[in-house]
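Data block below; observations after.
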Amino acid sequence: MRKSAMKESGADRAFTIVNYVLLSVFLIMVLYPLIYVVSASFSSSSAVVSGKVWLWPVEPTLEGYRAVFKNAMVAKGFMNTLLYTVAGTAINLVLSIMAAYPLSRKDFRGRGVFMLLFVFTMLFNGGLIPTYLLVKDLGMMDTVWSMLIPGALSVWNVIIMRTYFQTTIPNELLEASQLDGCSDIRFLRSVVMPLSGPILAVIALFYAVGHWNQYFNAMIYLKSSNLYPLQLVLRDILVQNEVNIEMLGDAKTAAARQGLRELLKYSLIVVTSVPLLIVYPFVQKFFVKGVMIGSLKG
Amino acid sequence: MLTGWKRLLRSWQLYALFLPPLLYIIIFKYVPMYGAQIAFKEFSVTKGISGSPWAGFDQFERFFRSHEFWRLLRNTFSISLYTLIASFPFPIMLALGLNYVKNRRFKNTVQMVTYAPYFISLVVLVGLMLQFLDPRTGLINSILGWFGLGPYHFMAEASWFQSIYVWSHIWQNVGFSCIIFLAALSSIDPALHEAAVMDGATKVQRMRHIDIPGIKPIAVILLILNTGQLLETGFEKILLMQNALNLRSSEVIDTYVYKVGLVSQAMNFSYATAIGLFKAVIGFVLLLIVNQLAKKLKQESLW
């Protein structure tokens with residue numbers, strides 16, 4: 001290590017320095033907004049509105065979080081999103097495995113045709129309105145099902161999974177198990193799945209992120225507000241600026257209300273983003289492995 | 001040994017497994033394609049898809065003649081091209097830079113932090129932008145205030161819309177998009193680098209002659225893929241960012257379809273579907289052309 005450091009030429013040293021500086025600048029550009037939001041969410045509303053927050057919280061308080069957790073819509077939205085994410089991801093995973101595993105088998109007759117049928121849907125689709133009409137005709141409008149079923153399978157994820165199965169499960173295992181009279185489903189359950197932990201984790205995360213962040217389908221398919229996912233509640237507050245007065249608790253004057261309104265937004269952003277940001281470092285180590293094997297060698 | 005039928009019968013479980021996803025694809029992907037025929041009809045909900053009378057290309061003609069047509073086309077293409085061109089180099093640069101970082105801690109930190117925005121929802125991202133760009137309480141205007149500039153009402157100006165859209169897109173996606181290039185870099189044979197070091201190559205030279213050629217195939221494939229998806233503008237994000245004041249540069253085909261089909265007073269399913277179909281066909285043709293072009297250039301192609 002030392003030797004190679006000593007051997008580093010002037011040009012290389014310059015390169016290394018420039019590289020570190022650029023990456024650091026880059027790091028700060030991505031990180032700063034995130035830090036600012038967290039700091040603002042813990043600051044007093046007057047400090048946020050008057051622009052006194054730069055890096056660390058000013059006059060720390062939990063005012064914003066109190067307003068967030070007191071709100072019934074936010075709580076309801078959070079529970080709905082949790083349900084959609086857990087149930088939706090479970091459906092996604094099961095269907096994806098059921099599609100990807102047969103497609104990964106060379107002795108699965110007709111897989112070329114099936115593959116084409118699947119891939120074509122990535123290139124061309126019926127469009128927004130025909131899909132909407134279908135969901136309507138199926139009687140899913142304004143039901144939980146409209147949040148779970150229309151996006152139940154992503155062909156892209158199926159392809160990643162299929163490639164992973166193809167490249168990591170040795171054919172010899174299948175042959176040996178077939179000689180022992182093991183059925184296909186049993187082989188999938190007791191050999192393939194245990195060997196595919198990383199890809200299952202990554203795909204589950206992809207699906208879960210999709211469900212957690214979903215707002216558009218909810219916006220067009222749901223009418224009753226007690227089914228609204230968190231993102232739709234958020235949109236009303238963050239984007240359309242519809243903060244109802246009860247949310248603002250005991251703020252009396254117009255100025256205090258305005259302040260709390262801003263503060264509340266920062267706290268909301270933190271509350272909704274934290275769950276995923278907590279989960280993803282655990283799955284991150286699988287990313288490169290899972291995603292790469294899946295997409296590169298396709 | 002086994003005849004075709006026996007073999008098929010022996011793997012009945014595979015077919016049983018495959019049936020539900022296949023049904024899903026047929027119902028939720030192919031039925032809407034069948035439903036897209038209402039673009040050529042005068043669709044009425046009571047008569048249904050097959051019962052509605054044919055209208056030929058009336059809906060398309062109406063769209064081509066409407067005063068919205070050129071504006072939608074221009075906005076859709078300019079946002080897509082801007083995104084494509086501006087966001088292409090950054091993940092590559094990030095990956096090349098990270099590849100030469102020896103300090104594991106620093107490398108992991110940069111990776112962790114730059115991936116993070118990918119997981120932030122569009123609603124939150126747009127909410128963030130609105131907070132930061134707010135003319136009275138926003139961070140950006142406070143900073144500009146130091147230099148005696150502003151305050152600007154960024155979200156209310158049509159001229160700012162596309163840049164805000166594209167650069168926030170880059171901020172959110174650059175870390176995640178660089179994963180694929182990092183993996184490509186790690187699959188380059190280390191012997192090449194060792195040999196280059198022996199020959200006295202500098203890091204910049206190694207980057208130019210080993211790393212960049214090494215990731216070029218992936219870069220070309222991704223560029224083709226992205227070009228094929230050119231018209232798939234980030235419709236959900238644009239919808240969130242839109243307001244009456246920036247509509248002039250923010251209305252794209254997809255948002256227009258949504259409004260004509262599902263929001264406006266005079267909802268028109270057929271007209272909206274025709275507009276959507278027009279876009280889908282252009283996108284599809286574009287993909288074919290780009291792929292053909294890539295083949296001609298003897299580069300990687302998708303099929």
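Glycine residues also receive a Cβ, built from the backbone N, Cα and C atoms like all the rest.
Among the features that TrEMBL reports, transmembrane segment is placed at A:20-42 (among others). Sequence-remote contacts of a segment are chain residues at least 6 beyond its ends whose Cβ falls under 8 Å from one of its Cβ atoms, and for the transmembrane segment (A:20-42) they are 48, 53-58, 60-62, 64-65, 263, 266-267, 269-270.
Marked as domain 'ABC transmembrane type-1' by TrEMBL: A:78-287.
Under the heading transmembrane segment, TrEMBL lists A:82-101 (among others).
Summarising the annotation, TrEMBL assigns transmembrane segment to A:113-135 (among others). Using a Cβ-Cβ cut-off under 8 Å and counting only residues 6 or more beyond its ends in the same chain, the transmembrane segment (A:113-135) has close neighbours at 99, 102-103, 141, 146, 150, 155-156, 158-159, 220-221.
When Cβ-Cβ distances below 8 Å are used as the criterion, the transmembrane segment (A:147-165) is approached by residues 84, 87-88, 91-92, 95-97, 99-101, 103-104, 118-119, 121-122, 131, 135, 140, 192, 196, 199, 203, 206-207, 210-211, 214, 217-218, 221-222, 227, 229, 290-291, 293-295, 297-298 of the same chain, each at least six residues removed from its ends. The annotation transmembrane segment is assigned in TrEMBL to A:147-165 (among others).
For the transmembrane segment (A:186-209), same-chain residues at least 6 beyond its ends with a Cβ under 8 Å from one of its own Cβ atoms are 85, 88-89, 92-93, 96-97, 101, 154, 157, 160-161, 164-165, 168-169, 173-174, 177-178, 276, 279-280, 283, 286-287, 289-291, 293-294. Annotation comment: TrEMBL describes A:186-209 (among others) as transmembrane segment.
Residues 37-38, 40-41, 43-45, 48, 63-65, 67-68, 74, 201-202, 205, 208-209, 212, 230-231, 234, 237-238, 243, 247-248 of the same chain lie 6 or more positions beyond the ends of the transmembrane segment (A:263-283) yet place their CB under 8 Å from a CB of it. Under the heading transmembrane segment, TrEMBL lists A:263-283 (among others).
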